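Q: Here it is, the structure in full.
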């Protein structure tokens, strides 16, 4: 099946779509050298064909009718950069149904319906690649599937949402409050007008579900991910964290002990000496621990027109190489391990606790006794006056404790008369490897 | 060409070879799931078949005769982990001649004779993969060849030698002298009895030649790399660097401006805010800047039995997948761009200069004038008493300057009567992107 030119149907012509067109046209010669074939954009699906575009030369390819791409026998590959679930899902399934290969940047779709899409692709012998769906410009999915194919990955940690990392970095560097930094981020375009999906951790959770599926070869679903966002992180939490040697990050965690796995996204105290602690601003990073390889980390831009478009076009290059070799549909390994989720008693972590108590003699003793009764011991404690000395504030870092014990402690604490308020409770990275 | 089991001939049974055997046997089921084929070690070439081995079960596979692997029709793939140029080169060429695929961890060989080996592989339709040759456990070669296939890489910087990074990290953290730390590193096994290849930068140069060839798709040779080692780095250089906001790293640099390239390995002042500055101890990292993707970095173990063996077995998995698809010999893109090396006037960098001068009025003015005459201006200057005040020490960071101008300034400085000694001169990272 030697063809001189591979013909692409592009769905979506926003920032990423524009980047895809620019890269393909700028690197035509290099791409041809690598793949042996030319790459040509044949049709572009847009919502409004009359809208002014930054790339004028493509105007005659625009269409608002998806069938002109999906049912077009002249199109070999569909590149989907519309985003969202519907109609992207119908388009992609339609493309596969017509035997077209697919490259997508759609994390929402792959996190929710990846299994269905990959199984349709397998049935049709088509490629589906989605490197751009996680950590934009970082080729992390390839690393998991190929670079570590001979290893057993035990832990992945990701700063995979640029908006929240920008906000937490600003809060840390400037001692600013969450609400103020969020407003600033919205003004700068780093956060959306409705920031819920980012700040509540849902975006990061989608990416962690994709990473965990590939890294552990277990079919993880979005609802398997414990999610907590950053909207309740205060500047005091960050300041106390720093004092104790930590930076607060919205950390995706995927961990495997034996065959049991856990995946979460939550604000986490990361030791300053850990390479993830110095990943700042809108940058993303994914830390991977493998039994044989040990510690590795991949760092880069998590979003942006050109980084995301680079990942999309690199996937497209893989599709084109596969076409010229006649081996499409064999690239990704479908998850083949049974999903065994940890229960909360198996999720071990250190915790950061900040509580306000009545400033009475013996309060700290009562609290540590209560923790000891739940098998929780302390690594660090700070007690200091609060509210002009009428109360005290206690900041604790625990040793490893189970999530169930910690949840139960928090419930008990809310009932204890001497405790005025449980201000915050965060996972602390470390102590488990 | 469906086979049930792929049969491997292993050349070398030291630490990496042992790791390869361990990983293949521990992950047999996973490997089979991924590749559809089993992987079996058939023969192991050793120097001494009588020597005691940590893996006893392999004893009946040992041989001292390379022909038992190279001419064995039952062997499909040769894994070479002997190291060095000869006889590894003859073995690999012999394996290819017999139509066997090759996986190697041999940076010396690939840096010096990579072109010849890859061209023989192409002629015979065989795979040659060598991920383990650069930065051990970090899958950086795959990232360059596949992950960034659609981008144009403009700059790569690597901390690619663990021994020197361990020494510089210790010197920085403890204010220790080079010679003392080297001794300690030798005692701990982090440096060899004859450390020349590491400390003089030759090992790093080989890896940078491999990275530059793949990243720029230009056939770089080892002799194209400017090399300077760390044996002359003093604790004072490191202390002044810190004071000015830098860490000293032995940095491999591969940079492209237009079509002209430069590759060097030299002690470099890296700004503390740069992600490479916090890569410490025996860890390696490769920073990649692409026109579209921007900044990315890959971090991990640069050596060690299991990390290196992981990279070797992951390459083996790729060979096996290619065998089951019948597409061997198509994996690596041969360099196709003409090599255009920059001359020294095109190599622009900031520089750190430390000189000792007579403590006379007007000395600094004379020196800055002399620099200005060579188009070199200063970004930072520290002057302070030296040798009990009888002399002065001047530490300077320049703005961007060409290597030729800086070389000429250093020559002139050695002739100037007011300058007692040019203590050190290092490249300073930054200012060029």
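Even glycines carry a Cβ here, placed using N, Cα and C.
Feature table excerpt (TrEMBL):
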ACT_SITE  A:207  active site, proton donor
BINDING   A:11, A:12, A:13, A:14, A:15, A:16, A:17, A:18  NADP(+) binding site
BINDING   A:107  NADPH binding site
BINDING   A:192  L-homoserine binding site
DOMAIN    A:352-427  domain 'ACT'
Q: Helix, strand or coil at residue A:13 (NADP(+) binding site), per DSSP?
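A: Where residue A:13 (NADP(+) binding site) sits, the three-state DSSP reduction gives coil.
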Q: Would you mind sorting out which of A:107, A:192, A:207 (the recorded positions) have a C-alpha within 10 A of the one on residue A:16 (NADP(+) binding site)?
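A: Of A:107, A:192, A:207, within range: none.
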Q: Cβ within 8 angstroms of the Cβ centroid of A:11, A:12, A:13, A:14, A:15, A:16, A:17, A:18: which residues besides those meet this for the NADP(+) site?
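A: Other same-chain residues near the NADP(+) site: A:10, A:19, A:20, A:81, A:82.
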Q: Can you give me the average pLDDT across the domain 'ACT' (A:352-427), rounded to a whole number?
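A: When the pLDDT values over the domain 'ACT' (A:352-427) are averaged, the result is 93.
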Q: Minimum Cβ neighbour count within 10 Å among the binding-site residues A:12, A:14, A:17: which residue?
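A: Minimum Cβ neighbour count within 10 Å, taken over the binding-site residues A:12, A:14, A:17, occurs at A:14.
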Q: Using other CB atoms within 10 angstroms as the count, which residue among the binding-site residues A:11, A:13, A:15, A:16, A:18 scores least?
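A: A:15, out of the binding-site residues A:11, A:13, A:15, A:16, A:18, has the fewest neighbouring Cβ atoms within 10 Å.
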Q: Report the DSSP secondary-structure composition of the domain 'ACT' (A:352-427) as helix, strand and coil residue counts.
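A: Once the DSSP states are binned, the domain 'ACT' (A:352-427) shows 24 helix, 35 strand, 17 coil.
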Q: Could you state the CA-to-CA distance between residue A:192 (L-homoserine binding site) and residue A:15 (NADP(+) binding site) to the nearest Å?
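A: Cα to Cα, residue A:192 (L-homoserine binding site) and residue A:15 (NADP(+) binding site) are separated by 15 Å.
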Q: Say you check the Cα of the residue listed as 'active site, proton donor' against those of the binding-site residues A:11, A:12, A:14, A:17, A:107; which is nearest?
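A: Its closest listed neighbour, by Cα, is A:107.
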Q: Rounded to the nearest Å, what's the C-alpha distance separating the residue listed as 'NADPH binding site' and residue A:18 (NADP(+) binding site)? Just drop the number here, would you?
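A: Rounded to a whole number, the Cα-Cα distance is 19 Å.
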